[in-house]
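*Asks:* Pasting a structure here, questions to come.
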Amino acid sequence: MAKDPVRVLVTGAAGQIGYALVPMIARGVMLGPDQPVILHMLDIAPAAESLNGVKMELVDAAFPLLKGVVATTDVVEACTGVNIAVMVGGFPRKEGMERKDVMSKNVSIYKSQASALEKHAAANCKVLVVANPANTNALILKEFAPSIPERNISCLTRLDHNRALGQISERLNVQVSDVKNVIIWGNHSSTQYPDVNHATVNTPAGEKPVRQLVSDDAWLNGEFISTVQQRGAAIIKARKLSSALSAASAACDHIRDWVLGTPQGTFVSMGVYSDGSYNVPSGLIYSFPVTCANGEWKIVQGLSIDEFSRKKLDLTAEELTEEKNLAHSCLS
């Protein structure tokens with residue numbers, strides 16, 4: 001029995017991440033090899049011609065799972081009937097710009113997209129915010145789309161999670177698929193805390209803790225953390241462009257695990273609405289370890305938090321509270 005197509009919105013679709021992401025979605029990377037999709041692509045008017053070029057290429061690629069493409073600069077048309085929304089469009093910080101200026105541009109973008117999604121998206125639409133500042137953009141979207149359940153709004157920290165997996169796999173010279181349960185706590189920014197205290201590696205002798213195998217706490221508590229925190233900047237320095245293919249791949253991982261479930265015994269990192277778990281203030285979109293089943297995420301409970309970690313969790317929560325206040329000041 002063929003499945004009904006799922007409508008997936010990508011905003012900022014003519015941009016770098018969008019260009020990497022739409023073929024992955026059309027190929028079944030996000031929702032599986034037997035799930036047909038209809039792509040909705042939104043971008044701003046100056047990018048309309050470029051967006052049309054992407055649409056032409058999607059047609060030319062003849063993806064068997066791709067059952068239709070909507071390419072538009074109209075936010076209502078873009079949001080109508082969508083089941084999944086990946087919000088890549090935002091206002092990037094340019095040299096010499098104050099944080100408040102960037103924040104106020106993004107607040108107005110996410111405020112208007114929130115109301116379009118609320119009015120026109122399918123019931124139970126799942127929303128993933130990728131554009132920076134991702135946690136705070138997601139929070140604004142949540143506040144201006146009150147009828148979208150908070151459990152359906154998330155932001156991308158899977159890229160940081162995957163970066164952490166990659167660093168451990170390189171350090172230990174093991175397959176990245178054998179490393180699991182790293183955690184990204186907090187903000188998708190340089191205050192995020194990549195935590196390996198609960199991470200394990202699948203070895204011929206069974207699962208072993210990452211800390212035990214690395215046996216270099218100075219590296220794990222120092223260079224490892226800063227490498228993951230600063231990885232985005234390192235890629236911009238090397239490529240002269242921000243990370244796109246890794247961000248697109250992480251967005252697919254995030255949605256796939258959310259919709260289809262995480263493997264037994266594995267948790268992943270998602271920016272979700274805090275309920276006070278781990279003494280993180282509620283009312284923030286904060287990255288937690290989660291498991292997913294039946295299209296719902298659940299924060300993993302009962303993990304021990306040492307003193308070193310506690311400070312890191314609090315520091316990134318403070319930054320998110322500041323960002324939230326800054327965003328609210330842009331609204332008033």
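Just so you know, glycine gets a Cβ as well, placed from its N, Cα and C.
Just lifted these from Swiss-Prot, have a look:
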{"type": "BINDING", "residues": "Gln16, Ile17, Asp43, Gly90, Gln113, Asn132", "note": "NAD(+) binding site"}
{"type": "BINDING", "residues": "Arg99, Asn132, Arg163, His188, Ser243", "note": "oxaloacetate binding site"}
{"type": "ACT_SITE", "residues": "His188", "note": "active site, proton acceptor"}
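In the displayed structure, how are the listed features positioned relative to their neighbours?
*Replies:* Gln16 (NAD(+) binding site) counts 17 other C-beta atoms within 10 Å of its own C-beta, drawing on all protein chains shown.
Every protein chain considered, the tally of other Cβ atoms within 10 Å of the Cβ of Asn132 (NAD(+) binding site) stands at 20. Under the three-state DSSP scheme, Asn132 (NAD(+) binding site) falls in the coil class.
Proximity of His188 (oxaloacetate binding site) to non-local residues of its own chain (separation of 6 or more, Cβ distance below 8 Å) is seen for Asn132, Pro133, Ala134, Asn135, Cys155, Leu156, Thr157, Leu159, Asp160, Gly271, Ser287, given in sequence order.
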*Asks:* Give me the count of other Cβ atoms within 10 A of the Cβ belonging to Gln113 (NAD(+) binding site).
*Replies:* 27
*Asks:* According to DSSP, which of helix, strand or coil covers Gln16 (NAD(+) binding site)?
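*Replies:* In the DSSP reduction, Gln16 (NAD(+) binding site) maps to helix.
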*Asks:* Using the alpha carbons only, what distance in Å do you get between Ile17 (NAD(+) binding site) and Ser243 (oxaloacetate binding site) once rounded?
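*Replies:* If we compare the Cα positions of Ile17 (NAD(+) binding site) and Ser243 (oxaloacetate binding site), the gap is 8 Å.
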*Asks:* Under a three-state reduction of DSSP output, how is His188 (oxaloacetate binding site) classified: helix, strand, or coil?
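*Replies:* Its secondary structure by DSSP: coil.
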*Asks:* With every protein chain in view, how many other Cβ atoms are within 10 Å of the Cβ of Ile17 (NAD(+) binding site)?
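*Replies:* The Cβ of Ile17 (NAD(+) binding site) has 25 Cβ neighbours within 10 Å.
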*Asks:* Using DSSP reduced to three states, classify Arg163 (oxaloacetate binding site) as helix, strand or coil.
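*Replies:* In three-state terms, Arg163 (oxaloacetate binding site) counts as helix.
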*Asks:* Just report the maximum Cα pair distance in Å for the recorded oxaloacetate binders Arg99, Asn132, Arg163, His188, Ser243, no decimals.
*Replies:* 25
